[in-house]
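First the structure, in the form of structure tokens, and then the observations on it.
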Amino acid sequence: MERNLKNVLIISFGFLLLFTAYGGLQSLQSSLNSEEGLGVASLSVLYAALILSSMFLPPILIKKLGCKWTIAVSMCCYIAFSLGNFYASWYTLIPTSVILGLGGAPLWSAKCTYLTIAGTSYAEKAGKNAKDVINQYFGVFFLVFQSSGVWGNLISSLILSQSSTKVEISEEDLECCGAHNCLTDTTNTTGSTKPSNSLIYTLLGVYTASGVLAVLLVIIFLDQIKSDQAETEKEKLEAPSFWSTFLATFRHLKDKRQCLLIPLTMYSGFEQGFLSGDYTKVYVTCALGIQYVGYVMICFAAVNSLCSLLFGRISQFTGRKLLFALATVTNTACIIALLLWKPHPKQLAVFFVFPALWGLSDAVWQTQTNGLYGILFEKHKEAAFANYRLWESLGFVIAFGYSTKLQAYIKLYILLSVLALSMVMYGAVEYLEAKSSPGTPAATKKENGKPHSQETWM
């Protein structure tokens, strides 16, 4: 096997092992650590730390440690979060959430840098176009990585379903489920949804072991980038000062189009936060039990992955506006239905319909919004995508921050309002684009022929 491809596969499977653990654990936080809203509070802190991390840490760590050891050290930050869940309290989970958040941005930046250098290196030897090889390497990475959402949630459901104490959920307890949920600990009132400590420790042990295997895989088998290969990349990292990069992010807000896209970018964080923080708790866990959370999120991950691939390919024929319209209609229908639906165990199939439709919508939000940023701000991509990460992470922080303070129906109305504002602002961006280039319809521009990889930062 060609050496660079071997390294790409090692990184890909390392991320698969790591995010199998983290993805499954994130989906369970609102249900597993529901006391005083500890689980969602930890996720809110995590994304706040990620915002700070993405602004300052990646260039520093990659320059000092190199890509291989930045990846390994950052992976250890994820393991710390798994360990913090063994004895979940405000004194263990919040600090480990901060550690994970700080490690998140360097991990993804080092991965991107490594794959870019590996692709460039192979292209030079083989006499191929560097851009084509790099795209192939990223394609391999995401092909392997995207399945982590399935495996992590499958592990949690298989382990938690082993509980020997199955308690029927009473009709009275079911009244606390759904949009008008009681602002109490629904996972305790239903009784059947709290697994035994032995099952929780087994699950956390599997997740921790998966993270440790990821680190060992990288340390033992991943080649260090040679100093001469990394020199060019280091120069790129050193070129702008940290403060100039930081200020460039906010200077980019002078662009009217960037300001108009803020609601749409934040909505991405809001809608993902609602699904993993609220739907899993007040609909699934409350009415079915925590063992079903993994199966429901598998449905979301599978549809999301397939639709991301599909929409990336068909966008050149449909244009982005039609896809945004599809996502808006689908998400709006889901929100209205969730406001009206009273979850009941007898309606098992319905619990999977919502995450499937949500996955379809999220695939549009991720692929098309990323693509929109790449096209509109082609000359200032670094500052533009820094803004993307900033505002999406802020959406996560807010969504998880108010998760335990508001009833689900209020959060659904907030989602609906932000979605409506996002589409109005997005329409204004399309209008400005059409106005600036008369005679060239926005839907026929070159961007629609280029699918963009979906990159899940957390």
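Cβ coordinates come from backbone N, Cα and C, glycine included.
The transmembrane segment annotation in TrEMBL covers 39-57 (among others). Residues 26, 28-33, 81, 88, 93-94, 96-106, 242, 245-246, 249, 269, 273, 276-277, 386, 389-390, 393-394, 396-397, 400-401, 403-404, 457-458 of the same chain sit 6 or more residues outside the transmembrane segment (39-57) yet have a Cβ under 8 Å from a Cβ within it.
Same-chain residues lying 6 or more positions outside the transmembrane segment (69-88) and placing a CB less than 8 Å from one of its CB atoms are 11, 14, 18, 21-22, 25, 32-33, 38-39, 46, 61-62, 95-97, 99-100, 102-104, 106-107, 109-111, 114, 201, 204, 207-208, 211-212, 214-215, 218-219, 222, 224. The transmembrane segment feature in TrEMBL is assigned to 69-88 (among others).
Within its own chain, the transmembrane segment (94-117) has Cβ neighbours under 8 Å at 7-8, 11, 15, 22, 41-43, 45-50, 52-54, 57-59, 61-62, 67-68, 70-71, 73-78, 80-81, 83-84, 134, 137-138, 141, 225, 229-230, 233, 389, 455, 457-458, counting only residues six or more beyond its boundaries. The feature transmembrane segment is assigned by TrEMBL to 94-117 (among others).
Positions annotated as transmembrane segment by TrEMBL: 137-160 (among others).
Sequence-distant contacts of the transmembrane segment (199-222), counting only residues of its own chain at least 6 positions beyond either end whose CB sits under 8 Å from a CB of the stretch, comprise 6-7, 10-11, 13-18, 20-22, 24-25, 32, 68, 71-72, 75-76, 78-79, 82-83, 85-86, 152, 155-156, 159-160, 162-163. What TrEMBL records for 199-222 (among others) is transmembrane segment.
Annotation source TrEMBL lists transmembrane segment at 289-311 (among others).
Residues annotated as transmembrane segment in TrEMBL: 323-341 (among others).
Annotated transmembrane segment per TrEMBL: 347-365 (among others), in sequence order.
The transmembrane segment annotation in TrEMBL covers 386-404 (among others).
Taken from TrEMBL, the feature transmembrane segment applies to 410-429 (among others).
Residues or ranges marked as region 'Disordered' by TrEMBL: 438-458.
Per TrEMBL, the feature compositional bias 'Basic and acidic residues' maps to 444-458.
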Notebook entry, point to check: Can you find at least 3 Cβ pairs under 8 Å between the transmembrane segment (323-341) and the transmembrane segment (410-429), where each pair is 6 or more residues apart in sequence?
Noted result: yes
